[in-house]
Amino acid sequence: MSSVAVLTQESFAEHRSGLVPQQIKVATLNSEEESDPPTYKDAFPPLPEKAACLESAQEPAGAWGNKIRPIKASVITQVFHVPLEERKYKDMNQFGEGEQAKICLEIMQRTGAHLELSLAKDQGLSIMVSGKLDAVMKARKDIVARLQTQASATVAIPKEHHRFVIGKNGEKLQDLELKTATKIQIPRPDDPSNQIKITGTKEGIEKARHEVLLISAEQDKRAVERLEVEKAFHPFIAGPYNRLVGEIMQETGTRINIPPPSVNRTEIVFTGEKEQLAQAVARIKKIYEEKKKKTTTIAVEVKKSQHKYVIGPKGNSLQEILERTGVSVEIPPSDSISETVILRGEPEKLGQALTEVYAKANSFTVSSVAAPSWLHRFIIGKKGQNLAKITQQMPKVHIEFTEGEDKITLEGPTEDVNVAQEQIEGMVKDLINRMDYVEINIDHKFHRHLIGKSGANINRIKDQYKVSVRIPPDSEKSNLIRIEGDPQGVQQAKRELLELASRMENERTKDLIIEQRFHRTIIGQKGERIREIRDKFPEVIINFPDPAQKSDIVQLRGPKNEVEKCTKYMQKMVADLVENSYSISVPIFKQFHKNIIGKGGANIKKIREESNTKIDLPAENSNSETIIITGKRANCEAARSRILSIQKDLANIAEVEVSIPAKLHNSLIGTKGRLIRSIMEECGGVHIHFPVEGSGSDTVVIRGPSSDVEKAKKQLLHLAEEKQTKSFTVDIRAKPEYHKFLIGKGGGKIRKVRDSTGARVIFPAAEDKDQDLITIIGKEDAVREAQKELEALIQNLDNVVEDSMLVDPKHHRHFVIRRGQVLREIAEEYGGVMVSFPRSGTQSDKVTLKGAKDCVEAAKKRIQEIIEDLEAQVTLECAIPQKFHRSVMGPKGSRIQQITRDFSVQIKFPDREENAVHSTEPVVQENGDEAGEGREAKDCDPGSPRRCDIIIISGRKEKCEAAKEALEALVPVTIEVEVPFDLHRYVIGQKGSGIRKMMDEFEVNIHVPAPELQSDIIAITGLAANLDRAKAGLLERVKELQAEQEDRALRSFKLSVTVDPKYHPKIIGRKGAVITQIRLEHDVNIQFPDKDDGNQPQDQITITGYEKNTEAARDAILRIVGELEQMVSEDVPLDHRVHARIIGARGKAIRKIMDEFKVDIRFPQSGAPDPNCVTVTGLPENVEEAIDHILNLEEEYLADVVDSEALQVYMKPPAHEEAKAPSRGFVVRDAPWTASSSEKAPDMSSSEEFPSFGAQVAPKTLPWGPKR
């Protein structure tokens, strides 16, 4: 099919250099000189009158018919045959079995082709493949590779032909492999081999080999030749618009590559078949030799700026000179400073060419007009209207304004440029006479104050003095402000701006000292709090120091009064922060932490809220007992008193106040609290609280069990007395492993030293860095005596001795079981003494001890005690029903572990039996035995305890009996509590959380009856000591639930209010803000009707809560409705180009306007029919004020938008092209649409103009079309 393109003159000129001579006619540059346009019939030849395709179906007639291709079927079928000798899988009894079937299935799934297999009489395999062409070819390749035995062969072709076998991106090779169903391996480029390996069937190999050799043979016919030709003669060989070289290429079929003028290469490359290539080379050589003899050169000087006019757009002018005169014009490169242009050609034609070169050079000129850069936008005019007058008269002149330069550049035909220059110079002169500008320096930090809130100050100055004020953006940090306009207005604006700046320079700067730790809190998360302060004091600049500087100075700058107000505000804020950051630590016994937290955190939450403090408790798995309270000092003290009172109520905790002079407190506490900690640990972990340093109080509070408090009081007073009389301290060192031995069992040894000398000995705590240091405090003589005793003990410990003792082998196992637990305990207690028992299996009774002499003796004594216990060991049975065993053991066996430690006994529980109930069935005789034979009598006695109930206790008799009593005391007891059935589910709580919490808190088991029983009785099982507390807790919970039920009944009061659905969104508010506030304020639930529910009244809003609260909420909603009914909505046309600026970043600006005027402003969505329509809703007077305000903003912003758009047009770089008259496009004559109206309209009744259809013609067989 032919195609018709509509070309403008510009695009025609751009493309003609690439067309062959037969396709174009020579055209001149000016459209006026063009030949007559072609007729419509020439441009669009009519189709043949009679379609020959019906008469001659096999040979369609006409140029259009030649292009028709038969439609190919989308699904094809191919059949492949695999001979018996080439089959991979021959040994098959039946088709469809084994590996062959699997392979076919895989091929079908992967390729999407359909396979059908059949066996011929000669046992050859026929495969029919159906599907799309690609799928069939891929399936065929897979079938050959996997069902047919593979052979291989090699073919050698020249290495340089390999790339033609591969083809572009390997496409040729892939295609070849698919066609021949083979695998072709070509050596890598770095491999010198020229052998190509082909793998596949014999038939496929032959085909592939043939194709490869054909490709190689085809390449053998072709040749490449390079011809060196001087660069200067390339234009003659190429010819004007590359026509000459195009002709040679077309006639010889040879490809000729001439390097472009920009590439500094001289060789011309020829590619083609050898004979034609030789002809092409001969013709080029002939042209080169001829031109070399006949041509000569002349050099002329042409201004560098005019070179581009000689070259012309895309080199067209050079081609035009070459075409007209046969002379080549050589222009120096653009980066060269040379202005010499060389003309090369036959002598008689050089004159004409030189004339044309000068004509082209002088056809355009460049001129400049001096104009201050600040006047440029006034010269351009509003929306570019001033310049439009000049450019409309002289469209070929290009006017360029360069930002920052005091000149305007004009470029175009000389006459037009001169006229335009005169006009622009007149405009500049007029503007200079009428206008003035001034530049003033004002510190950039004052610029935003000069601009004012939303540009209020600067806009007032602009309107008042009719001037333009240019303030640089903050990012430039420039101090220069430029004022342009009427000379008088400029001076007045300058005076006012300088006065404002002067006033600001006289502003006060104040340094505020705020501890750096509070800076982050004052700034707030993402700067929220500091933003609030800045909004409160907008005229004050607040600068915080860089965190890396570690500075406490915060700088405030602004008007004196505002700075003072801001200072007071921030000082008050800091005072509140300091006051609220007071912190105290309260030591509370760990077992009472859960009581202080209370049920669901109720107690701790109540204390926090009422005291307005932050209370941090240690983690449950932490060993710390300290609770930290943070807040105001008075509040912290109140919270501490409440927490301590809870502890006091819960246990037998005594509290004693001791008066000790404040000056002794630090010495009593000791370094890092070591001294006071040693007293607290020694006296059963009592809590000793000293008053805050600097308070002047002498009162020290001791809190804990009564006996321990008295003991601690005595020690504290004794220590204080010592400190007051004379305090002396000595440090001695001993290995950490000796410390336990020096302290002795239960602190016996160290107590003996203290009692005998009167000195206090302090050992390091586990967290202390120096673990060797032991401190002795007291009177000098007592300290010296204690030091002497301890050093003697340490010296003895340093003297290592080895001793042995005899231990009956039957007892050895007791010492080494559980990975030598008993031996480890002995080593820890007796200064790291090493005890070695003989290896198991040997009958030796000798045990070796190695360590300090005293330690060895003490260890021997301890081993002897253990042996005596073992020999005096008895076994007692304690019968406790198996169902109570888990309760007796306690969490993770903690209760049993405590009993074994307290009474030094071993306790063994029986194995658990699945059937824990007594069997009522008679005992079955086994092997004819009587019921009692071979069994203990007690097993058969129904009254005796079961084996699974018996707990074995081993140890000394008296200790076993005491342990038995302790175990029996752990057997849980059950009591019943009456709780109304309807409260049971609330007692259980969500997913059992309530009942589980109560069980954990009181360490009991609570059994709630099944719902179907409708019983009011709840059973509590646990230790007798815990039952009373659990019962009281349960009854307390019942009281709470009953109170909640009553409260729920009161809260369920419902009230309906009728409100028009159109007001619902306003009542709900943005993101539900309004309705949420009403809900929270009145503590009610407000339900709006469901829009999708047609049965529900859409104007009913339901309020649920206390009766008084629902009525208050109803009144609040009706107030909003009343306000909304008074509101009006008005549409205002607002240019869409300024919408974004009015809305502001993230809607900040529009929100400010809406808040200021108390209106709602809605902008059109993208794609709206009227993009300029903005809706304002609110009270009538507010709507009017808001509309006036946004229309003022529109006028101000629109001026900037228009100026910016106009400037953009003239700030673009010039297109260095010849100016042309407006294009006429593609023109034809005698087109149907140009027929004169006088022509007669077609006669619809005429049979000639509208012939009737003849009789139906019998259809003829066509080469393609629908199936018959």
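Here the Cβ of each residue, glycine as well, is placed from N, Cα and C on the backbone.
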Candidate annotated as phosphoserine in Swiss-Prot, where the set is SER11, SER667, SER919
SER11
From the list THR8, THR77, THR974, pick out the residue that Swiss-Prot labels phosphothreonine.
THR8
Annotated stretch (region 'Disordered', per Swiss-Prot) among the listed ranges 189-224, 441-476, 477-512, 1233-1268
1233-1268
To the nearest whole angstrom, state the Cα distance for the pair TYR437 (phosphotyrosine) and SER645 (phosphoserine).
81
Counting other CB atoms within 10 Å of each candidate's CB, the least crowded of the modified residues SER317, SER645 is SER645
Alpha-carbon distance [SER645 (phosphoserine); SER317 (phosphoserine)] in Å
106
By DSSP, what is the split of the domain 'KH 2' (230-302) into helix, strand and coil residues?
42 helix, 16 strand, 15 coil
Among 158-229, 735-807, 808-880, 980-1059, 1135-1209, which stretch has the highest count of C-beta pairs below 8 Å with the domain 'KH 5' (443-514)?
1135-1209
Collapsed DSSP category at TYR437 (phosphotyrosine)
strand
Just give the helix, strand and coil counts over the domain 'KH 8' (661-734), going by DSSP.
40 helix, 16 strand, 18 coil
DSSP says what for the domain 'KH 7' (589-660): how many helix, strand, coil residues?
39 helix, 16 strand, 17 coil
If I take every residue in the domain 'KH 6' (515-588) and average their pLDDT values, what number comes out?
84
Give the one range among 158-229, 589-660, 735-807 whose Cβ atoms make the most pairs under 8 Å with those of the domain 'KH 12' (980-1059).
589-660
Cβ pairs under 8 Å between the domain 'KH 14' (1135-1209) and the domain 'KH 4' (372-442), at least three
yes
Counts of helix, strand and coil residues, the domain 'KH 5' (443-514), according to DSSP
43 helix, 16 strand, 13 coil
